[in-house]
Amino acid sequence: MDGTNQTAVTEFIFLGFSSVLYLRLTLFVIFLTVYLLSLMGNTLIIFIVLTDVTLQTPMYIFLGNLSFLEIWYTTATVPKLLATCLAQVVTISVFGCITQYYFFFSMGATECILLAVMAYDRYLAICSPLRYSLLMSLRVCLRFSAGSWIGGFIAPLLPTILISHLSFCGPQKINHFFCDSDPIFKLSCSDTFLVEALGYTCSSVVILSSFLLTMSSYGHIVVTIIRLSSREARKKTFSTCASHLTVVSIYYGTIIFAYVRPPAKYNFTISKVISVFYCVVTPLVNPLIYTLRNKDVKKAFRKLLSQKRLLL
C-alpha cells in the first residue's frame, strides 16, 4: 500500500466480536467470570506452592511459574476484550498496540518453553527416578525456569522492533480484540514482507520445537509406563502426567492452528474464536486440572483451609 498523501494513524479501534448489544453483554459476563476464576485459581496455586514446604519441589516450582505466567498472559489481552463487549468504540494507541503485541507473544513463547521443560521434568521423574534428584536439583530447576522466561522474552524481540518501524496510515480498525500479528500487518502501509516472514518463522520455530520436545518426553514416558509390570503402577504413573498432557493438548492444538499456517489463509472470524481458547479458556483450565487431579495440591489446600479455621 502506498502511504503517500495519507494521514498517519496514531491509534487503532478494536472491532471485537459483535455489534449486537445483548450478545456483547452476554459475552462480557462469560469472559469476566472466566477471567476472575482464572486469576483466583492461578493465584491460589502460587500461594499454596509458596507456603507449603512439601510442594517446594521442581514439579511444583514449574507449576507456580506457569500459574504466574497465566495471570499476566490473560491480563495482556482480556481487559481489552471485556472493554469491547461494553463499549461501542475501544481504542489503543499504536505504541500501546505494539507493546501489547510484544508482551502477548513473549508470554506465549515463555509458556511454550515452560511446558516443554515441565514435560522434561516428568520424563526424568518417571524414566530416571533414581537419578531424578541429581538431574533435576533445585539449582537446575531454577535455571530452567529463568531460561524459559529469558528465552520467551527474547524470541519476539526482533519482529517487534521491525513492527515498530512500520507506517500505519489507515484504515485504523483492527478486526480482533487484541493486537495480533496478522491484523497489524493488514493495517500497515509499509512493505511487511520481511517482518511477516520473520514473525511467522519465529512463531513456528518456538511452537513446533517446544511441541516436538514435549511430545518426545511424553513418548518416552508412555514407553516406560507400558513396560511396568503392575497394572496399578501403570495407572498411578500415568495419572501423574495426565493433567499436564491435557493442558498441553489444548494449548498447542489452538496455537498451532492459529500461528503455524500460511498467512494467505487467515480468517479473522475463526481466528477470534480460536484466540478465546488460548487467551481465556486455557489459563482457567490449567489451575482447574492441576488442583482437581493432583492429590498433593488438594492435600495442601485442605491443610491451608484447616489452618484458616483454627485462626478464626
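Including glycine, each Cβ sits where the backbone N, Cα and C put it.
Just so you know, TrEMBL annotations are computer predictions that nobody has curated.
Your range for transmembrane segment, going by TrEMBL and the list 81-103, 173-195, is 81-103. Check TrEMBL against the ranges 109-128, 149-168 and you find transmembrane segment recorded for 149-168. Within the chain carrying the transmembrane segment (197-226), a Cβ under 8 angstroms from the stretch's Cβ atoms is held by residues 105, 109, 112-113, 115-116, 119-120, 122-123, 126-127, 155-156, 158-159, 162-163, 181, 234, 237-238, 241, 245, 248, 252, 255-256, 259-260, 263, all 6 or more beyond its ends. Counted over residue pairs 6 or more apart, the CB atoms of the transmembrane segment (44-69) and the transmembrane segment (272-292) come under 8 Å in at least three pairs, which marks the two as touching. Long-range contacts of the transmembrane segment (238-260) within its own chain (CB-CB distance under 8 A, at least 6 residues past either end) are made by residues 108, 111-112, 115, 118-119, 122, 125-126, 181, 200, 203-204, 207-208, 211, 214, 218, 221, 225, 271, 274-275, 277-278, 281-282, 285-286, 289-290, 293-294. Across the residues of the domain 'G-protein coupled receptors family 1 profile' (41-290), the predicted structure has a mean pLDDT of 89.
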